[in-house]
């Protein structure tokens, strides 16, 4: 804990004691092997306080969140269970297929379209994502500024569509790295002609998957056996790939609207909450306008490491550094470190799986 944090007294202190007790019981039931130090209990209690009192919530989700619900791109065990034929061929994890591999087009697309079918379209809702949705929808309830709950936005580097599959409002989910639910043409000529005619060279992935699945030998070779089932651009017949950020060919237009909506949300939330900070620092402001608990914007960052830190991790830290009303809760089993903040502690990092921590954030009546 940083200097400047003080335990409240009276009724609030009793509430904190109850929170600490429930946290200890929860950790004992879910991660009994962990050394439950005083610091981690205190940090988790502070994280619970941050999230439950948030007036606005930003869910900032990296690959670690997908791993929490079973889609771990670095795990050989997960890969062997999901793709035994590929494992038998010598491949060891899904992460190998992010980038170029010296394999045939038939094998590449046999695997990729099978993976899209499994992860993007049929994984289904999960308990953790459902809990996050409930948390998002209750954020802001009881806020001084009124308006009820549901004051949230999601920014995720994941392209697996898990937020959509668990019922999130996709107008509040920004996916700057793209979406496996879309394909795009890789031909610059085709892209140029499409732009000139105001048409798109980004297409839904589902028809490609449906056309290929009956022709993929999932038991042995994982290859597409029927040449006509290989994915090609419907406009020009040229090569295609998932509409994800993999090079300068990436077409960002499908995500620009939600990107703008996300930036407006952040600007509005910080603008409203910063007014409380200004009043607290103004010695001439009327006492009745100074809030005991100023409004806050809480960033709940889950599983965002250093593969692409410029997408989530570093922008979150910049928001924390630039705005006193921002709080950062970082859940990361490998890299939980958070920047120090001046004055009271405004950031907390926990080396715990999100599946263990998120249930504690929900209000008790939920």
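Even glycines carry a Cβ here, placed using N, Cα and C.
Among the residue ranges 233-252, 253-272, 273-292, the one that TrEMBL annotates as region 'Disordered' is 273-292. Neighbour density at the Cβ, taken as the number of other Cβ atoms within 10 Å, is lowest among the binding-site residues 185, 233, 236 for 236. There are 19 other CB atoms within 10 A of the CB of residue 190 (Zn(2+) binding site), with all protein chains counted. Each residue in 186, 187, 189, 191, 194, 201, 234, 235, 237, 238, 240 lies on the same chain as 185, 190, 233, 236 and has a C-beta within 8 Å of the C-beta centroid of that Zn(2+) site, without being one of the site residues.
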